[in-house]
Amino acid sequence: MGTQNFLWTFAKNYFTVGLVALTISDRYASIVPVRGVSMSPTFNPHHSTLMGSNDDYVLVEKFCLEKYKFSPGDVVVFCSPTDHREKHVKRITALPGDWISSPYSHDALKIPEGHCWVEGDNFASSLDSRSYGPIPLGLVRGRVTHVVWPPQRVGKVERRIPQDGLPF
Amino acid sequence: MRNLPPFLMIVKEGLDKTLTVAKFLCALHVTNTYLCTSVMAQGPSMLPTFNLTGDLLLAERISARFGRVGPGDIVIIRSPENPRKIVAKRVKGVEGDSVTYVVEPKSSDRCETVVVPKGHVWIEGDNIYDSNDSRKFGAVPYGLIQGKVFWRIWPREGFGSVR
């Protein structure tokens, strides 16, 4: 009888902590791993495809989802437009109303209302808006503010606007 | 010194009550985000299914998360033109489907056929004469879907499941 009581209390506490942690992770901030090299050198600069344990961990804040107000150069987490179960991390390079020079056809493209243009810092190997076009801002799930792991690269993620056509 | 313990008791009770309220709000958030949410739908785009002045609807979040939204379902979706707005529309096609739609029903009967790209859905309002939907802004990514509408709470005459 005592053990049952103890287990029940334990389960209740576990469940409560779970609910609170889920709420905080959804509404305020969470920590996620970044996989792949599309954002080198900002994240995963020495990443090798064989070693999975070298992923950078970053802090993602959710306060920006209140007003959906972003600035060019923000690094954001968003649901992939080709597969809603995947989340990508890229940098916003253009906001609604901006004109962007389309990379493959040499004419200018206007970003439609409610959309943004995302690009990875590593131009050579990044699947981003240059392949699937501008993405609706409604797909954004958070903004990356800091790198929290590995300890030698802990720091704020700066807003950087890439110069036309030049990689970092 | 004798006033200290009663003061501490009040503080402890205040903390307990705050904690209970916080736990309740967290449970509310989790239910709203992962199980079921209520939404007020207004406007002419879903006539005659929904009223012009506003219907209070219940939308469940589980089908959308597991990719089980199909043609014929009414979904609530974040507008691709304004991420702060949630709209209710009917899904007419999912990725890979060939959708035929009337481009401008007020002026002509011209139809166009389009194949819905991967990871996207084609949404249309039931009232195609007055609906801002995929015919204007194209197929929308599945990730914008917030839930599937399954029940109407208000007005009371329409209380019941929504198809």
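Counting begins at 1 with the first residue displayed.
Glycine is no exception: its Cβ is also placed from the backbone N, Cα and C atoms.
Record features, source TrEMBL:
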DOMAIN    A:8-101  domain 'Peptidase S26'
ACT_SITE  A:Ser38  active site
ACT_SITE  A:Lys90  active site
DOMAIN    A:109-149  domain 'Peptidase S26'
Contact set, same chain, for the domain 'Peptidase S26' (A:109-149): CB under 8 Å, 6 or more residues outside the stretch:
29-31, 37-43, 56-62, 64-65, 68, 70, 74-79, 81-82, 87-103, 155-157, 162, 167-168
Cα distance (Å, whole number) from A:Lys90 (active site) to A:Ser38 (active site):
8
Summarise the domain 'Peptidase S26' (A:109-149) as counts of helix, strand and coil residues per DSSP.
10 helix, 19 strand, 12 coil
Where DSSP helix means H, G or I and strand means E or B, what are the helix, strand and coil counts for the domain 'Peptidase S26' (A:8-101)?
26 helix, 28 strand, 40 coil
Just to confirm my parser: what is the rounded mean pLDDT across the domain 'Peptidase S26' (A:109-149)?
91
